Each structure stands twice: as C-alpha cells, then as structure tokens.
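Trainee: This structure is in structure tokens; I'll ask about it shortly.
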C-alpha cells in the first residue's frame, strides 16, 4: 500500500502547492472510505493515470523465493473507467478526470503454494488495499467549491438535502452523490452502471447480463469456463498463466517439452517406444530390461535372479549345485537329486508318501516299515495270536483286539459288560455268564417277582424295588408316603391327607369348612384370632381389640359420624364435618375473627396521616397501632368504635416512615391485621453547583441542612434518553456535601437532581444541567508494521463526535508532523513512506463543534529491512554454504533458521554481518540426503526483519564400517552400518582377480548380505553404494577372500556281526556340517540306503543288515550343502544264532520249572509263551534275559494241560520256536457254609472240609452295599466254626470262605447274613414352645427305614403317632397343650422288624401374648397394645430400647393389654418387647419395632431480601435428617420445590420476581419420614427490569456472572426463554446463540433442528432460528464473533445485526464491521438460511450438503461456523476466511448479540 500512497501524495502536493500557506505541516482532507472500484472526479487537465506493478515477496511459510519484475500479459491490458457511483452535475467532462489504475498479478505457477494460508491472507490484504486506494477522492483543486459561481466561504452546512435516503449531499459538487443503483437529482431513480451497456436487464440497480457478457455493467466479454482459474479473461479471450494453454486454459503444458520422442498429455510427457525421462530424451535399454533391472548408460543392470542382455533369462538357485541343468530359471536335477537347487538326495520311491526323506534315507511314519516305507506294520506283531494282513491283525480263534492281545468272552457279554481275561464283568442291572439276564433292583426285597428286570410287587408294597409300604389312597397327592403312613403337606390332615386344615384350627372360635374358618360371632380374621368391631368401623377407623379407633374427622362407636375441628370453638355449627361460623368469625374451626380489608392512606402531611378501611361484618371496635419502621421507635395505639371505618393519626415526626396496622376486635378477640407503610414529607436541598467536569465524571457540591435525616440521593439523568434507563442514582451519607460522580458517558448532557432521604423516603429535589467532556479515541494500536508502512487502528470514542484529527511523525523530531482529518466513522488509517527502524508517535483527538477531547497517543517502531538475493553456493552430505546481499539498515547480525522440509525441530544460527556487500555462512551438522527450508533475517537488539528464504539439500552419505565375516569356500558374509540419509536401495559390486565384475541391488532395509557361488580360496574387491533416484553416495570398498576346502580320509570297518558292523574315518574338527554314508548289498545293488551323521562324529554303528551278506560302503562329507569326494570300503556280515532243547520239571497245581540249551550265537532275550491245550485261558508270555537258561512259571490253573513255546531274540531277530507239554495237579475243596445266632453286631459261621488237608481258612466279610471296608479273618485249619462280632446293626453282609494249603487257595464258597435292627439312644428335647417341641435321638449304628414316635399326656389321653424317615434323627411334635407333661416313645423300624423302644418326659412352655401393635406415634410418645395369652398369667413384662438409649423395663398386671410409652426421642427406631410371666415360667418374648416421628425445624425466617433473591435460614430439628424439602410459592400461585442437604441451615432463593410476596414452607425429611411444615412470608424488592428482554437488561439488574439466565421476549412475562449470557466479554450483556469448542455436538442437521435449536447451552449448541428472529426483532442489535485457536484470539463486531422471520427463510442482515478477525460476514449479508434439506443458497450446488453444515450460504461461504469440527479439508471445517482461511478448522467460535445502544459506558457503569 506504500507505493499508491506515495504517488497519491505527490500528485496532491503538486495540485495544492500554489494554494498552500507554508509551514512544515501539510493538512490532507480525507473523506469517508467507501468500497467499490476507482472513482473519477472532474479535473481541468488531462487524465492522470497511476499504473502500479507490485513486486510481491512471498512469506517464509510458502518456502518460495520468486521475484516478478513484471506481470506477464499486462502490457496488452487497457484500463477501463468503471465508476461505481453516479454524480448528478451541471457540467460533465469525462476527459477531465483523475484515474487510479492498479494491476496486481500473481501468476498461478509462480510457486506451488497458492493455497497456503499465508498466501490467502496476502490476497485478502491486497483486496483490502485495493478497496482503500479506490475509495480515495480529492476535493476540487481550488479552495472554492465546485458549484457554479461559488465563493470561498467559512462555516458549515447545518441542513443538507435528504437525497431520498439513497445518497449523501456533497458541497463540492453542490449535489447528491448517489449510492450504487440510484440516480437523479435526489437519487430517487433506480439505475444500473452505464445502463448495462444495452447488454443486459437492469433489475433493482443490478445488471443481469446476456450470455457472453459479464461484469457489473456487462462491459466485459465472458471467457469459456472462466479460464478455469488458470488464466485472466481479457476481452473474452483467456490469457493463460505460465504452464497452461488452450481456449479455456484447461490444458497443462509439459515443463520441459517432450522433444521429438514424445507428446504432452495432461502436463506429462507420454514417450515414444524406446525413450523415457521427463522430456523423453533418454533412450531405453533392450526390451526395457523386461522390467527386471535398471537401464544404466543404455545397458541393463539386472535385478537379482535375472541375467542376459535384456535381463530376459532367469538364474537358477545356486547354479543347481552342478547336479542338474538350468532351463529358464528352473533346475532339472540328475537322478538321485531333487529340490529347487538339486541340493537334496532322493529316497527310494519317495518313501511312498509314508515317511520323510532325510539325506536319501526314508524315516518311516508310525505303522510303516521297509527301505521305502511301503509295508504296513501290525500293532505288537499281533502278539503271535494272529497274522498281519495289510497292517491289520487277523486274530486266531478265541482272541480279539487290535493286536490280538485280548481273550474273547461268551457272546461278547451281549454288550452289557466288560470282558476281562475272558470273563464278563456285567454292567449294573445285568447278570449271567454272558450278561444276558436283566437284574431287578435289590432283588425286589423278596416282596415281589422279577420279570425282565422289573419288580412286580406284592399287595401293600410299592417302589422300583418293592422296598416301600403303600399309603391309603396314595395320600391323595397331598402328602408324602413314609413306611405306609401319610405325612401330610401343610394345610392338609387325615389318614390319607384328604381333609383341608384351617389356620391355627380357627383358635376354637369357629368352624373349619373346606380349609376356611367360619368364625363365631364377635370374632374375625383368617384364623378367627381377632375380635371384630361394630360395622367394621364403617371403613373410617381401625379395629383394635374389638373397639374402633376412628380416623381424624370421624367419631362414634362405629366411626360413622363426621366431627368438626375443635367443635367449632362454640361459635359455629357442625354440618357434615364442616363448621358454619357465626357472624364475625371465620376459619375451619371458627377460631379466627374476620379482619378488615383495603387499608388506604390519604392526606399525608409532615405530622398527620388519614386512614380508611373496609369491613363487611359488625365488630365491637377497631384497634389502630403505628410504629416507626426504624429500630427503637415507640409502638403507639388507639381504638376506633366498631361502626367507624376511618381514623386520623396525629403528632407524627416529619420525614419518618411508619408501619400502621388495623385489627378488628370481637368479644375481646383480635383478627389478623391489615397493614400499610407511610412516611411524612421532607424539605428540599439548596446550593447545588459543579466543581470539576471530566469525560466520565463530575464533581458536585451543595449546601448542608440542619434538620435530622438519613442521607442524600444524587440522580444523574441522561437528557438524550427518554426513559429512566439513563438514570444513575447515588446514595450518600448525611455529613457529605460533595460527591464525585463517575461512570458518565462522554459528551452527554445530564440533568442532575439532589434529594434528602430519611427512613428510605426521598424528599423533593433540586436540579441543574451539565455536559460532560468529549473522550478521545481509545485502544490505539499500530498493526501490520513493516519497514516503511503501518496500519493505525483505534476504538471509536463513546461520545457523538463530528471528526477525528490524526497526527504522526518521528518521536525524536517534534517539528516533523503530518496531520490527517478523518470522519467520525473511521477506526483505522494506513501510514506509508516511513523510515526503517524508526520510532514514531501517533496522536488522536476527537472534535464536535467547539469541543475537543484530550489527545490520545501511541508509539511504534518500524521494522528492519530483510536481506536480499539469498542463494546456495555449495553443499556436502552434512553442510550447506549460503550467500546473500546485506540489509540497508545498521544491524547487529543475521539469524539463520533452518529445518527439514519433511518436518522436525528447527535450528537457529547467528552470523555477523559481512564487511563487503554480501555475507556468507555455512550450515554444518546437517542430516545427509535431506532438503532443508532456510530463512535468513536481519537482527538488531531484540528486533528481527522479515526472512529471506530458500530450499537446499545435502548430499547422500555412504554406508559405514563395511566388513567381511564368516568366509567359507563358496560364500562371504558382509556387514555394514546404514547411511543416515533416506535412500531407495544399495548397489553392491564385487570383482574377482580375473577382472570379472558382478553387480546387484540390495533392499534399503538391509545391513548385511551373503555373496554366494564364489570360488574357494579367491580374493574379491567389494564396493557398496547408496542410491536415491539418480543420486548416489560415495562408494565404500573392502577386500575379502574365501576359504580352502578341508580334507577327508582313512575309512575302515570293525566289530562285524551277523546284522551289522562299525565304521570309522578321519576328518578335520568342525570342518563339516555332516557325513553321508551309503550302504549297498554287493550282490543286489537295489538294496541301498543312506545314513547321515553330524559333522563332529567320526564313527557310526551300522545295524539292521542281513546275515552272512557282502556290502559296499561309500562315505562323503557335506560343507554348507556342498559334498566332498567319496571314500569306499567293503565288508561281509556273520551267521544267525540258534536255540536247542526245552525241558519241564517240578510240576504243582499252579506252577512248574523250565530249562533249555542254545547251540550258536549270543542272545539279547528269550520269550516263553504258555497256552492251555483247550484254548480256554488267556495265553501267558514271559521275557527272560539272554543270559538265562532256566525259568519258574507260576499262577497256572490246577488240573490243566499246557503247551510251552520258547524262542530266542538277537538284535531284533527271532529264532525258530521250540516247545514242550505239561499238566498241573488238582486242588482240595471247602463246603456247607452256614449262618446262625444273629445279633445287632454279629452272627456265627460254620462249614465242612476234609481233615488235615488245609493249613488255615480265610474268611472275607463285607456289607452288600459296599459302604465299609471288608473284614478278613484267618482261622486255624482244625476249626470248623467262628463267631463274627463288631458289625453294623441291621446290615446285610456277603461272606466268602476258602482254605489255604501250602500257600495255595481252594475254590471259595459264599453266603449272605444280616444283623438285627438296633434301638435309638439318647432321647432329648429342644425348641420347646407352648404347643410344639422338637424331639431328637441318636440313631442306631445301622441305617433303618423309619422311626415311630408316639406321645401322650402323662395324665392320660389318646396318643399321637408320627412316622419319621430313617435318615432323620429329630422331628417336631405339634398340637401340644401349654404347660402339660408328655410321655414320648421312639422305635426303630427296618422292613418288618422293629427295635426295642426308648422313652422320655416333655414339659411344654407357656404361650406368649400376640398382636403387639404400636399406635398414636408422635415425635415423643406412643401407645403399645397387644392380645392376651390364652393361659392365665400373673404379669406382662414390657421393655423398650433404641440403639443409643438404655432399655426401659416395666411390669404390668396380667389383666392389662396396653401401655403408654413417654419421653421418646424423635426420629428414633425403638424395639418394643412383651412377654408373660407365671411363677417361674416365662413365655416367649413378643417384639416389634416402631419409629417416632420427625420433629420440625425451628425459627424459619427470610433475610437479605432483594429483587430476585432472598436468604432463608432456620435452626435444625433435634433428630438427624437426610434432607430438607423447601417449598416457596408466589402470591400468583407459582410453586417451586427444592431438596436440600441435611447440613444446610440456609438457602438462597434465586430467579424470584421483583415486588412479589412469597410464602416459604420447610419440612425435614429422614428417608421416608417427614416432619410437620413450618412457614414464613416475605416480599421481594423492586428491579430495574423485572422481566429482562435480553442479557443486557439482566446485567443492568446486577447479574455479573456468565451463565444460564431466563429472559422474557419483549419483556412479556408469558414468553420466557432460557439463554446463556456472556457477562464478561467487552462489557458483558451478550446473548450467546452459537458455540463450537470440542466437536461433541453434530451440527450437520436438518431444517427442523436449526429452526428449533439444539445442544447444551453450557457446551456446544445452537439457539434456534425462530428464537434468534424473536430476539433480534426486539430492537437494533449488534453482533460479536469471538474466535480462539491455540492461544491466538480474534474477534469481529458488526454494528447492525438481525434475522428475518420464517417467510424470509430467516434472512440475515449484517453491517458495520470492526475487529481483528477480518470482515467475512458481510459476504453473507441478505442471504436466507440453508440446510441440506432446505437449499436456499445462490450456488449451483447444495452448499450445506457439500460442506456438511448449515449457514446463510451464498456461493458458498466465507464463514462456516457450523462446519465439521476439526476437519481441515477445504471449506469443510469451522472456517472464518479472513482469519484462518478455508483450509483450517478453528478450535473455538462463539456468536453473540446485544442491543447496539448498550455500547455506551454509562449503562455499564450503572450496572456496577
């Protein structure tokens, strides 16, 4: 902006020079800026054209450095005169004009950063610059006006023509200057610019152009596609930016051309075949290397795995190890080898898929054998009891199983059991040799027949095993059958449980009919246990012990009659429960006297007051009381006859407020009063004058008064305001006679009045008028300061002014000053032609008529100028050398800032200024292969210039520490450290001594590599280079040698056997990975197999060979997959071993001895197999050591023929079997086992046997149910009887007996015996009550089926019998009589057997009272009642206690059934207990719990009563509480409730209505308990705005905290609206209607949501279009937008803001911008609101749908505050274009509004 300002200043100085009166200060008259294009004004000379070409240095953020001396294409452009306004003049001379022409061109391809935020900000500022330059206009060259014959005159024009409201009157041209779209002398005719040049229609002052034309006046020819934003439109023809071409600039040019070997498509070269590169000038290699390599100097450098001139041939892995041929990359291996590289030995028939091949030998899977794993193997070789067919055993007769190892059972046990050694072990429920028969449970207990496993029971028995007795009628399904007797369910009785039982047998007070009691007269209840009341108390009371306890409001024996409260106090009649009061009385119980009403105060003087009132009833007299409202006053009273309704109070004190009450008196009883307040009059003050007058304050003085009064009230009223909103009232104490009034508005006229105040009453006032001083502009700030320019901004004065005077100049040169006169609407001015690094002072003064403000000053310093012509001189892999031209300013040094472009921390470097015209610096310690962004600034002290920028990169660094390790005969291992720089790949080159060169690429992530296929013992030269694109690092080179091949020899054979031998050889330690041995039959070469052994082993045992067979052996070593030359040896195996003769001796019934001989060879083991000749027993097999020649065989069956087989085993070889026959001897027997003399714990056994045969007998005894360990006894061989003791009672036992002779057992004999049932023992009684008891006993040792318990009174009677299950040891005896002795007997029963009985004596307890009830409970008292015991008792013991109080015990008479409980604590839970006492007996205790009532809080009162708040206080109750319920009700019936914490003893009521009476009620709560309510009454004071219509009025009411408030639209109490008020920002009083801060709320919503509003006002929200319309239609409002992002803040304020109604689709009106965020909202002015489902924008597309938001979109937006939160994509996020652009989503945004009139300081001060 500096250049236009300089040229303009020069032109005006030349024009005005002859009229200047001299002096250093030149005054420039500057009119109000207006937006638009250049303005043409008349001039006597030829047109003067200012043609400006701007050289734009892009900011450092763009990382571009481009100097544009001229803009391409501008030379052919001609400036056209396009005035934006019409001027009606007497003379028009288009040749006499000053024309300002500005052409600013930023070629699009000047750098690739046109979309950067800094560039957008630059463009925005250039647009603003053009607007400012185009708005400059000068007055006529002479001092006279432009009117014909006008003369030079002084003064001002007080009245100017209206210009129809569409223009401003100009004294220079003596006519109206019309706004765009209007013309005519008075600007009353709509017009378009240049009448649209007849190329379009004029509609409301705007041109709608025909097709092919555009511009405001249709003067421009339209270009196709608007040149696609890639060119300028000149006369309808696109002049394309560099890099673009075509009629619409839609085609991109290729940057370097494509030569003759390609064509340009879409900005990129498409090369002809055989050429490549950006410009198609690089020839390709043959077939483009088949994409398997890189083309270097027209030769293919093939990728790994490929070779050939064009990389068209595949390389085979490891060159097939020279064991095959390589064809097209695939190895075709020689016979005996396989694998991808022929590196593996093959196996015979590939092991037939039944094994794995390891170095040529098959390792067979489980189940397969043979050299090629072709034979299936049978499990355990079928145990020689079958033969193997295809891997499966075919078993001999009598054997089965997978390996023929099991004996077979008869009929396979019919699948009903397990086969163990050929015998069936049957499953449960089956019996027989082959488990073919079903077994019945417990053999039916011999009480039925077993048919197919099921019992058919005899009569009288039931159950699965007939073990249960059957009950009559099966107990009718109402009980359990226990040993034939019914145990009835609850509620049933009778032998077969067929009868219903009544509760408690109806207490003998009624009849039991089908289980329900029919009570006798006078009794009631389910069990007739309660006394009945007359008529059931008519449902108006409770029946207690036969008497009605009536509810409140009812009376009489049966509670039928209604009662009246307090019997109407004998001054009324009770009619159906309601009092009809006598005349003069009122209230629900006629206790109140009717009060007087409508007390009126008239004729107030300084000493008297007249009173009048109304009263409809006749009373005896009236009592009038009056007392001063101040403390300490005397309360006076007098009476008035009952026939009068007026009175006069005399002898009052002047200026005192009195509280007056009038009571009605009837029969010495007072009514409630009617009251009024009145104050006597006060005198007026004197001598009001003003001592000091400032902008916002005035010093006031006045004369003192001698009378008694409280203080002064000083009122300042703004005379420009018609209502009372401009009043500022100050209350002063009595001694004061002066006051400094602050908070006034500057330049305002005030009416000042002074009043005397006494007892809150204001006397007559004394008034004067004063005008405050003008205020100066504030918040002066110098912005956008450069080395030659600065933008001065300020806040407008609060006072109404006519203009502002701006003066600026160097601070240290007082005489060098420039003064500018500005209009009152200006708030900024741009200063140019400043000197770099110079301190300037700016002064601003407000003016209105003859009034002038004090000056406001600001100081700023211009910037340093930046260094120039920054360039790179040289670079290495860690440094860059720079050079630049020095700055003009005298600086301290230069600061270099640099950082990698890819991101990272930046580094700073300070460099001294060079002595020559340039300065050079080297940046060191840089990262290799990295491009840096570099900026250089000039620095002086703490100031820094704008940067000069450049991009420069370092070279790639080479790989580090390359070394060779682990060399072998054919490989070398390489290791190195990665370069620091980022790169694409490595290139490895190695050269042999013969000069053969090999090259390959290595992946970028590698740090090691193995060179394979090298020659043994050879030295190689190796180089490694890092590459990135076409860039290469310096090479890293090293030399390495392969190892020599180790030797192998001395193969020999030793320890030759019939099936194998041992091999040994010599080799270097650690030289070989493994050795491979090939063994081959000499006479059968097909019989060959391989053995692999580890490289550290130099001998091996070869086994599994054929006996007496010659073999050839071959051995070779393996080194890293490479085989050495083989070694050979031959050998022959020995002959097979044989077994001789087998002999049997020493035969017994169960054993014999074996012996045998051998004839040839050594044996590992012998196997003996013994089979009975009938094949009935399972064969036995024994393995004997190879050194043994004898064996003892035992465990045989007596009298059995056996065949014995024996064969030898040597090295897995089994010889032919030899055999012998043997027969075992017979064994003795035992017989006739008998049982006798059974007792509860034992019995006697007897048996027969041959004498002298047995050494002893063995008895085994075990209970049949296997519940205890078996008992085993040994009896001498001469005995034939034995007594068994220590057994369980009533238990069945199994008995087994066998004889033992010489250690051998005879066949056993078996029997069954049962012990006798035992009696129970240890009878005892527990849980004894008045009608029941529990009897317990100790059971006999054995389990019984049941117990029979009988009990009968000792005095005689019918016994009761109870049958108890045998598993129980206790039962409950019921239906007992209190205090009676019973004889109790118990018998054990098992089956049909019964034990002896046991007996005991039982005494029942006393019965207790019943029906304990606590009633009439208060907070300190209660009444306990109960039903008496059935038995006669002596006394009742009553006791009660709580958790914190000791127990209180009281004895009352046995005839008493109630007791009064006194002295209780409130809200306390008590436990009440009652029991009966007779002699030494005590009944059970009857108890209940009750809780006393909660006592109420005390001393409820209202304090600190304000207009909208009041503090309620109280004292807590004695009892602990959980909450308080506070209810307050206004006089108009609005009720609110609040739950308060228990610790609270005060509460502040808010949101009250001013001047309103409230009734407050308080109730204490303790969980479900509530106390009685207490209440108080108070009246709120008045408010300035009882129903504020916006937040500004709430602020004036004294609310200073930001938060939620209720406003009332248009001040209407019936239209409340809750809003969020910002009471802090810019004076407060703002209604916030939009907030974005965290993205919690989704703003992509439909029309309905945006009309109604959504979100949380305390978080993210939208207030709603309808609410916004209603608020803004209340008056003139201003808009404020606050923006915050990462510590940065900005704001925009618009003086005028409104939103239309639904018919206009909520059209936006906004105008009058100021602020720091930039004017982005004006773009949206006049637009209707749009959502994705209601598109009201002017764009072709749906803006809301495209940008996922909603707004007053145009085409489309510059503001998108409802956009997607955090989305930085173009135009998608929360955008404010002029602050952060379209590609940045702002973190915080708020929109708010308040009345425009609120900006004056007076209103804000009044609030304070």
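Including glycine, each Cβ sits where the backbone N, Cα and C put it.
What Swiss-Prot shows for this protein is this:
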- 1-22: signal peptide (SIGNAL)
- 38: N-linked glycosylation site (CARBOHYD)
- 72: O-linked glycosylation site (CARBOHYD)
- 118-142: coiled coil (COILED)
- 168: N-linked glycosylation site (CARBOHYD)
- 176-188: domain 'EGF-like 1' (DOMAIN)
- 186: N-linked glycosylation site (CARBOHYD)
- 192-202: disulfide bond (DISULFID)
- 196-207: disulfide bond (DISULFID)
- 227-238: disulfide bond (DISULFID)
- 271-280: disulfide bond (DISULFID)
- 289-300: disulfide bond (DISULFID)
- 312-343: domain 'EGF-like 6' (DOMAIN)
- 328: N-linked glycosylation site (CARBOHYD)
- 333-342: disulfide bond (DISULFID)
- 374-405: domain 'EGF-like 8' (DOMAIN)
- 395-404: disulfide bond (DISULFID)
- 405-436: domain 'EGF-like 9' (DOMAIN)
- 413-424: disulfide bond (DISULFID)
- 457-466: disulfide bond (DISULFID)
- 467-498: domain 'EGF-like 11' (DOMAIN)
- 471-481: disulfide bond (DISULFID)
- 502-512: disulfide bond (DISULFID)
- 529-560: domain 'EGF-like 13' (DOMAIN)
- 537-548: disulfide bond (DISULFID)
- 560-591: domain 'EGF-like 14' (DOMAIN)
- 595-685: domain 'Fibronectin type-III 1' (DOMAIN)
- 686-775: domain 'Fibronectin type-III 2' (DOMAIN)
- 751: N-linked glycosylation site (CARBOHYD)
- 759: N-linked glycosylation site (CARBOHYD)
- 776-866: domain 'Fibronectin type-III 3' (DOMAIN)
- 1090: N-linked glycosylation site (CARBOHYD)
- 1101: N-linked glycosylation site (CARBOHYD)
- 1139-1228: domain 'Fibronectin type-III 7' (DOMAIN)
- 1153: N-linked glycosylation site (CARBOHYD)
- 1416: N-linked glycosylation site (CARBOHYD)
- 1496-1584: domain 'Fibronectin type-III 11' (DOMAIN)
- 1736: N-linked glycosylation site (CARBOHYD)
- 1769: N-linked glycosylation site (CARBOHYD)
Trainee: Give residue numbers and ranges for long-range contacts of the domain 'EGF-like 9' (405-436): same chain, 6 or more residues beyond its ends, CB-CB under 8 A.
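Mentor: Tertiary neighbours of the domain 'EGF-like 9' (405-436) are 380, 383, 385, 398-399, 453, 1176-1178.
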Trainee: Can you tell me which of the disulfide-bonded residues 207, 238, 271, 300, 466 is spatially closest to residue 751 (N-linked glycosylation site)? Compare CA atoms only.
Mentor: 207
Trainee: Would you report the average pLDDT that the model assigns to the domain 'EGF-like 14' (560-591)?
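Mentor: Averaged over the domain 'EGF-like 14' (560-591), per-residue pLDDT gives 84.
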Trainee: For residue 1416 (N-linked glycosylation site), identify the closest of the disulfide-bonded residues 207, 238, 471, 502, judging by Cα separation.
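Mentor: It is 502, whose Cα lies nearest.
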Trainee: Could you tell me the C-alpha distance between residue 1736 (N-linked glycosylation site) and residue 413 (disulfide bond) in angstrom, no decimals?
Mentor: 93
Trainee: Indicate whether residue 207 (disulfide bond) is helix, strand or coil by DSSP.
Mentor: strand
Trainee: Which one is it, among the recorded positions 186, 300, 457, 471, 512, that lies nearest to residue 227 (disulfide bond) by Cα separation?
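Mentor: Closest recorded candidate to residue 227 (disulfide bond) by Cα: 186.
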Trainee: Which recorded positions are spatial neighbours of residue 196 (disulfide bond) here, meaning Cα within 10 Å, out of 271, 537, 1769?
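Mentor: Cα filter at 10 Å returns nothing.
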Trainee: Using DSSP, break the domain 'EGF-like 14' (560-591) down into helix, strand and coil residues and give each count.
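Mentor: The counts are 6 helix, 12 strand, 14 coil.
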Trainee: What is the separation, in Å, between the Cα atoms of residue 202 (disulfide bond) and residue 186 (N-linked glycosylation site)?
Mentor: 20
Trainee: In whole Å, note down how far the CA of residue 271 (disulfide bond) lies from the CA of residue 1090 (N-linked glycosylation site).
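Mentor: For residue 1090 (N-linked glycosylation site) versus residue 271 (disulfide bond), the Cα atoms are 62 Å apart.
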Trainee: Could you round the CA separation between residue 413 (disulfide bond) and residue 280 (disulfide bond) to a whole angstrom and send it over?
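Mentor: So the alpha carbons of residue 413 (disulfide bond) and residue 280 (disulfide bond) sit roughly 94 Å from each other.
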Trainee: Please report the DSSP secondary structure of residue 548 (disulfide bond), reduced to three states.
Mentor: strand
Trainee: Find the shortest Cα-Cα separation between residue 395 (disulfide bond) and the recorded positions 207, 238, 280, 1101, 1153, and name the residue that gives it.
Mentor: 1153
Trainee: Sort residue 186 (N-linked glycosylation site) into helix, strand or coil using the DSSP assignment.
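Mentor: Once the DSSP labels are grouped into three classes, residue 186 (N-linked glycosylation site) ends up as coil.
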Trainee: CB neighbours of residue 512 (disulfide bond) within 10 A?
Mentor: 18
Trainee: May I ask which residues of the same chain, at least 6 positions away in sequence, place their Cβ under 8 angstroms from the Cβ of residue 1101 (N-linked glycosylation site)?
Mentor: 1055, 1060, 1061, 1062
Trainee: Within 10 angstroms of the C-beta of residue 466 (disulfide bond), what count of other C-beta atoms is obtained when all protein chains are considered?
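Mentor: Other Cβ atoms found within 10 Å: 24.
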Trainee: Nearest to residue 466 (disulfide bond) by Cα, among 271, 404, 481, 512, 1769 (recorded positions)?
Mentor: 481
Trainee: Pick out which of the glycosylation sites 168, 186 has the most other Cβ atoms within 10 Å of its own Cβ.
Mentor: 186
Trainee: Please work out the number of neighbouring Cβ atoms within 10 Å of the Cβ of residue 395 (disulfide bond), leaving out its own Cβ.
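Mentor: Around residue 395 (disulfide bond), other Cβ atoms within 10 Å: 19.
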Trainee: Using all protein chains in view, find how many other C-beta atoms are within 10 Å of the C-beta of residue 333 (disulfide bond).
Mentor: 19
Trainee: Helix, strand or coil by DSSP: which one applies to residue 413 (disulfide bond)?
Mentor: helix
Trainee: Long-range same-chain neighbours of residue 289 (disulfide bond), Cβ under 8 Å, sequence gap at least 6?
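Mentor: The list for residue 289 (disulfide bond) reads 295, 300, 301, 302, 310, 311, given in order along the sequence.
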Trainee: Can you count the other CB atoms that lie within 10 A of the CB of residue 1416 (N-linked glycosylation site)?
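Mentor: For residue 1416 (N-linked glycosylation site), the 10 Å Cβ neighbour count is 12.
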